[in-house]
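Marked as substrate binding site by TrEMBL: Arg70, Glu136. What TrEMBL lists as Mg(2+) binding site is Glu136, Asp163. Annotated domain 'HpcH/HpaI aldolase/citrate lyase' per TrEMBL: 9-239, in sequence order.
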Amino acid sequence: MAALGRPRRSCLAVPGSSVKMLGKAQGLPADQVFLDLEDAVAPLAKPDARKNIVAVLNEGDWAGKTRVVRVNDLTTPWTYRDVIDVVEGAGANLDCVMLPKVQNASQVQWLDLTLTQLERTLGLEVGRIGIEAQIENAAGLVNVDEIAAASPRVETIIFGPADFMASINMRSLTVGALIPEYPGDPYHYILMRILMAARMHDKQAIDGPFLQIRDVDGFREVARRSAALGFDGKWVLHPAQIEAANEVYSPAQADYDHAELILDAYEHYTSEAGGRLGAVLLGDEMIDEASRKMALVIAAKGRAAGMTRTSSFTPPSQ
Ligand code: GLV
Ligand code: MG
């Protein structure tokens, strides 16, 4: 598995217009925060929200969280001013800019070039600020491969289910929930399409929000579906969803232990001392090079989540 960078099991949305929530978010155990200038902020509140965000990025204590700002999309009049104000004001304390409703590679390239100009002018390291691309309409999904490849700054491809459902006229008002009239998972194709583009270009794939914030079981159910496919994390809108996301997007302890065991056993058996074997039995399970790769995925997720193993491999005595 490719190295996918900083963990993003839980990505906490915080409206840039709420000074109170911008303060509270700092102490919450999310892997990432994104400070929103887009849909959670009313048009008249956007100029003040930019100022609030610059202030909390510079003065807040984000305790190692990935710090992201979501700007407005490029069909609005606000995007350029969002990017300029936030990067000029707090570029050194910002990890990524999230671009919503991305439709094609040129929109990502616009952001890449704008960031490069700002970084050069401000004396910041060129290329350090990453880009998160939100897929929220048919054009974005059809062009997701070129979007993922549009700039080395792209770190994540995010599914924006609410806007996506609206843009394709999906007949449902409950984001992420299954639709009784449809005999399957209506999001499966979209999630898989995003995941393939992300994996092809070594980006993280992130699932979007679940709006019923008091229904944590419902959140878990939706999150488990994208986690099972291989998604790296999900947006969270409420403190109660953070713990659930951190748990669902980390491997179960037994799976993590098993993955580490396979890696150790495989290393031993392929070595000179272990007999230079390519395929061996570990308990009742046949393991080979492909098993090692699968185990690496689970082990990497567990290590990134800070898990510790509770068992170890002992080579059989000769
Ligand atoms: C998020 O932005 C969404 O539209 O779901
Ligand atoms: Mg959206």
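Glycine too: its Cβ is placed from the backbone N, Cα and C atoms.
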Candidate with the highest Cβ count within 10 Å, taken from the binding-site residues Glu136, Asp163: Glu136
Whole-number Å distance between the CA of Asp163 (Mg(2+) binding site) and the CA of Arg70 (substrate binding site)? 15
Cβ packing number for Arg70 (substrate binding site), 10 Å threshold: 26
In this predicted model, the domain 'HpcH/HpaI aldolase/citrate lyase' (9-239) has a mean pLDDT of 97
